[in-house]
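Going by TrEMBL, these are the annotated features:
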- CYS355-CYS384: disulfide bond (DISULFID)
- THR516: Ca(2+) binding site (BINDING)
Amino acid sequence: PAADRAGRGTARRGILVRVTSACHTARRSCSGPAASDPLRVATAPRRVVPAGPWWRRMGLGQAAVLCRPSLKPTNERQKAVVAAFRHAWAGYRKFAWGHDELKPVSKSFSEWFGLGLTLIDALDTMWILGLKKEFEEARKWVSQRLLFQKNVDVNLFESTIRILGGLLSAFHLSGDVLFLKKAEDFGNRLMPAFQTPSKIPYSDVNIGTGVAHPPRWTSDSTVAEVTSIQLEFRELSRLTGVKKFQDAYMRYGGYLLLRCPPRVGAENRGEGGFSPVVSPIGAAASKERSPLCSPPCSLPCPPLPQEAVEEVTRRVHSLRGKKDGLVPISEPGKLTFVGELAHGRFSAKMDHLVCFLPGTLALGAHHGLPADHMELARALMDTCYQMNRQMETGLSPEIVHFNLHPQKSRKDVQVKAADRHNLLRPETVESLFYLYRLTGDRKYQDWGWELLRSFNTYTRVPSGGYSSISNVQDPRSPQPRDKMESFFLGETLKYLYLLFSDDPDLLSLDTYVFNTEAHPLPIWAPS
Ligand code: DMJ
């Protein structure tokens with residue numbers, strides 16, 4: 001199975017596309033209404049890219065232009081998120097500065113790519129939370145210490161969503177050209193991954209030597225991995241004017257659209273063959289954006305192309321179909337969940353990773369997909385909340401199994417001993433953010449608040465940082481695992497902060513699209 005490094009596979013999201021913002025124009029002069037409130041640009045002129053070196057085309061000099069104010073929390077819940085972030089950051093700064101991840105209990109760090117992963121993942125969160133001083137200090141590290149010329153294998157998907165996405169987002173929010181230059185350097189180093197016979201990229205690439213290869217344990221790549229990196233490469237092309245980044249994914253994006261069967265998991269043996277093995281949503285096996293794996297990011301919107309609407313509608317429908325539906329209802333509490341189909345057998349198993357789906361369905365409905373997708377989104381959101389709520393710590397385990405038998409004595413949500421851990425993942429709060437933004441129902445904010453309190457009670461390490469835990473069912477001994485994943489700062493706390501905001505124009509969903517690691521990028525008008 002495709003496994004993300006945090007332990008399991010990753011499901012992904014996405015339909016999106018649209019309108020641009022005036023950010024670049026504003027950045028040139030460091031003045032004017034858009035510059036004074038860059039995250040709240042709700043409507044804006046479309047951007048036309050003039051010719052010339054990219055930094056000049058954008059009206060930028062070589063020097064950094066940190067001219068855009070960041071924001072401040074406006075209510076008590078947002079302040080609590082800022083306090084949590086500061087605590088997490090304090091641990092990282094003290095014990096893991098410049099390293100990939102904090103080990104808060106042993107007061108040390110771990111490396112994955114050796115590229116300051118947490119620091120880069122957290123840049124835009126600091127900007128959004130108004131932590132200017134922390135942002136400046138991190139920027140200095142990026143400027144002086146972040147070097148990509150090193151002999152290290154990086155996973156294409158993970159490094160694209162975290163590093164490339166993080167740098168591009170930091171550039172958009174701050175206007176600082178340093179981040180764009182770093183992004184371009186890094187993007188160039190990822191390019192060898194696309195040199196395959198099928199054009200479907202390899203999963204790993206050495207950013208120093210330029211040698212790319214499939215995962216060590218299989219020759220397959222994962223549909224979701226290779227389709228969830230479109231936003232970042234497209235953005236890099238748009239900002240730099242260098243077409244090769246966009247071309248790299250366009251060459252296989254169309255292929256995936258044409259060939260993507262209703263149920264596809266692992267695929268790509270260099271020649272581009274599919275292995276239809278597992279359900280599209282089951283996160284352990286597929287990271288595909290299905291049912292949204294049609295080409296949301298490469299076709300012009302608005303309006304959403306009819307072809308994409310029909311494709312996605314068909315896929316959601318097939319998910320819910322009576323005969324082989326993957327969305328049954330549990331007993332006795334009647335929770336709607338998404339199960340898995342592996343080698344023809346249904347399993348009532350759902351990863352916490354799948355909890356991105358309510359948010360994505362809601363976003364799709366907002367952008368013109370059928371209204372009943374919103375109903376499904378709400379139902380799945382309730383389920384994800386219950387996956388947390390029914391645990392003694394209030395935090396979801398990594399995987400749950402649902403009970404399908406109508407016996408009152410059994411609980412809806414069951415957990416196996418091996419699945420009781422919580423890695424500080426964002427998916428529940430991510431969907432809560434979308435659901436609140438798109439429905440205005442305050443219960444979603446209240447649910448998020450419960451989650452933040454649980455994180456503070458069971459995962460906060462007094463000396464600094466937060467730790468993943470091994471047992472969400474034992475509040476007396478949740479067993480810290482001594483690891484703070486970079487997405488806790490990059491995603492979980494960012495989504496909580498945005499969830500608690502009552503300002504729909506703060507990173508408006510009509511102006512920005514969040515990549516799969518929660519890095520906001522502007523939505524562009526069709527050219
Ligand atoms: C993050 O890296 C991203 O959200 C990814 O899409 C899935 N895995 C983690 C969070 O769970």
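Heads up, residue numbers simply count up from 1 along the chain you see.
Any Cβ shown, glycine's included, is placed from N, Cα and C.
What TrEMBL says about a protein is an automatic prediction, not a curated fact.
By the rule that a residue counts when its Cβ sits under 6 Å from some atom of ligand 1, the recorded positions CYS355, CYS384, THR516 yield THR516. DSSP gives the residue listed as 'Ca(2+) binding site' a coil state; it is part of no helix or strand. Around the residue listed as 'Ca(2+) binding site', taking its Cβ as the centre, 27 other Cβ atoms fall within 10 Å, counting all chains.
Here the Cβ of CYS384 (disulfide bond) has 29 other Cβ atoms within 10 Å, regardless of which shown protein chain they belong to.
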